[in-house]
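Here's the structure we're looking at; comments come further down.
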Amino acid sequence: MDSKGSAQKGSRLLLLLVVSNLLLCQGVVSTPVCPNGPGNCQVSLRDLFDRAVMVSHYIHNLSSEMFNEFDKRYAQGKGFITMALNSCHTSSLPTPEDKEQAQQTHHEVLMSLILGLLRSWNDPLYHLVTEVRGMKGVPDAILSRAIEIEEENKRLLEGMEMIFGQVIPGAKETEPYPVWSGLPSLQTKDEDARHSAFYNLLHCLRRDSSKIDTYLKLLNCRIIYNNNC
């Protein structure tokens, strides 16, 4: 591994260690968050938000690194970006386009959108890990990040479900979420088409993880700090 790769890996490990230490200091275990189930959770709303914000930021960092690594390794000169625009499986969700729009959106709507985005990524992340494992010569930097993102997405979803339950007690979160149907594209024998499908999926993951991170930080500021942040 070159010195640049070692430095990047060291930075990620340091970030993960810092996040883990912060969570332990706050008395928040990573898994399970509530040993007796969400209904018996004693973790404060502030701690749940702190944990969720850190995890979502970490996921977005990993997503950006994985996309950049894939772009450098497989997409140079292929023109994949033009095919990736507006082709995400989550495009049907009416998400705010920028921070200003998100600030005008009710907190219940933002939380439902975050839950919808997280749930819509469970299936593609599982298959992303499976298919990347089968790729010949795939860099460890891509596979390790894919595995981590899948695990952290589940943790973040668990945390957001508990936040939703505390902020809106008794509410039923039953909004449908987009279903991903891109597995055949990840398994095609046409190498360029397969790489294009991976590129598109990673592009969408980076985009959606950025949205989740932005919405969560806004919710944290609005609900926990009464917009004084």
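Note: Cβ is positioned from N, Cα and C throughout, glycine not excepted.
The disulfide bond recorded by Swiss-Prot for Cys204 joins it to Cys88 [selected from Cys34, Cys41, Cys88].
When the disulfide-bonded residues Cys88, Cys221 are compared by the number of other CB atoms within 10 angstroms of each CB, Cys221 has the fewest. A Cα-Cα distance of 15 Å separates Cys221 (disulfide bond) from Ser56 (phosphoserine). Of all the recorded positions in the record (Asn61, Ser64, Ser120, Cys229), the one with the smallest CA separation from Cys88 (disulfide bond) is Ser120. Cβ neighbours within 10 Å of Ser56 (phosphoserine), excluding its own Cβ and spanning all shown chains: 27.
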